[in-house]
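These features come from Swiss-Prot:
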type: BINDING; residues: G8, A9, R10, G11, R12, V13, G76, T77, T78, A103, P104, N105, F106; note: NAD(+) binding site
type: ACT_SITE; residues: H133; note: active site, proton donor/acceptor
type: BINDING; residues: H134, G143, T144; note: (S)-2,3,4,5-tetrahydrodipicolinate binding site
type: ACT_SITE; residues: K137; note: active site, proton donor
Amino acid sequence: MTRIGVLGARGRVGSAVVAAVEADANHELVAAIDHGDDLQALVDNKAEVVVDFTVPDAVMGNLEFCINNGIHAVVGTTGWTEERFETVRGWLQESPETGVLVAPNFAISAVLTMKFAEIAAPFFESAEVVELHHPNKVDAPSGTAVHTAEGIARARKAAGLAEQPDATTQSLDGARGADVQGVPVHAVRMTGMVAHEQVIFGTKGQTLTLKQDSYDRESFVPGIMIGVDKIGDNPGLTIGLEKFLGLDGDVNGGAKA
């Protein structure tokens, strides 16, 4: 039985994880921590794995504490940069048996969409990403959209494709979206949305649209629990859930950081 601590336990995703752990005979909830609570409860209650769905300002301190105490971490908190990843890698060098999984999205449908986008990318001249989220999301574009665009860019580069055709010379600021390695990414923030993504491909005479929708935050729970079950066998930093689903094949060159 895996002993689990949840950080951000009173948040929308965190509360769904708490409910899932409590309902599963193979996992034991030993700490449910939220803003203002003491992380020492993780050590005192012998947590083996932490699930972190907090905020960008808190996640680095949480991870430093967990790594220093040999507690594996499954992280869905947003706001990641390469500098932050490098910091985590440095901490993990001092705790080589500890594993940290950071995933831009834990919905299995979203992970598959990212994979399908990489597969499709070499066959189309043009590709753009549109992500749609609730208005309380603090980062734009989403980590999922950035991860999707980066995968598309890698696949296009590997296939030797030229830059995407775009004759735009006059536009309002932001009209063509954010440029992620040559792939335009557009962010929508709208009441009534939860987490959604569209990837649109085009070439002569045809288009392909991949569409993914998460209507409820419970959609993230199955992927989170896969991460919880497998992180102990994967020391170091892993970015993306693909590896744990067996999807880190030749197309994306592997998800191991």
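Glycine residues also receive a Cβ, built from the backbone N, Cα and C atoms like all the rest.
Locations of recorded Swiss-Prot features on the structure.
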| residue | record | contacts (Cβ under 8 Å, 6+ apart) |
| --- | --- | --- |
| G8 | NAD(+) binding site | G14, I33, D34, D52, F53, T54, V55, T77 |
| R10 | NAD(+) binding site | A32, D34 |
| G76 | NAD(+) binding site | V13, V51, D52, F53, A103, F106, F220, I224 |
| T78 | NAD(+) binding site | P56, P104, K137, V138, D139, S142, G143 |
| H134 | (S)-2,3,4,5-tetrahydrodipicolinate binding site | R189, M190, T191, G192, M193, V194, A195 |
| T144 | (S)-2,3,4,5-tetrahydrodipicolinate binding site | P104, N105, A110, M114, E131, A195, E197 |
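According to DSSP, T144 ((S)-2,3,4,5-tetrahydrodipicolinate binding site) is assigned to a helical segment. Geometry remark: H133 (active site, proton donor/acceptor) versus R12 (NAD(+) binding site), CA distance 14 Å. With a cut-off of 8 Å between CB atoms and residues at least 6 apart in sequence, the same chain places R217 near R12 (NAD(+) binding site), listed in sequence order.
Other than the site residues H134, G143, T144, same-chain residues with C-beta atoms no more than 8 angstroms from the centre of those residues' C-beta atoms, the (S)-2,3,4,5-tetrahydrodipicolinate site, are T78, P104, N105, E131, H133, K137, D139, S142, A145, A195. In this structure, R12 (NAD(+) binding site) is part of a helix by DSSP. All chains included, 17 other C-beta atoms sit within 10 angstroms of the C-beta of K137 (active site, proton donor). When other Cβ atoms within 10 Å of the Cβ of H133 (active site, proton donor/acceptor) are tallied across all protein chains shown, the result is 22.
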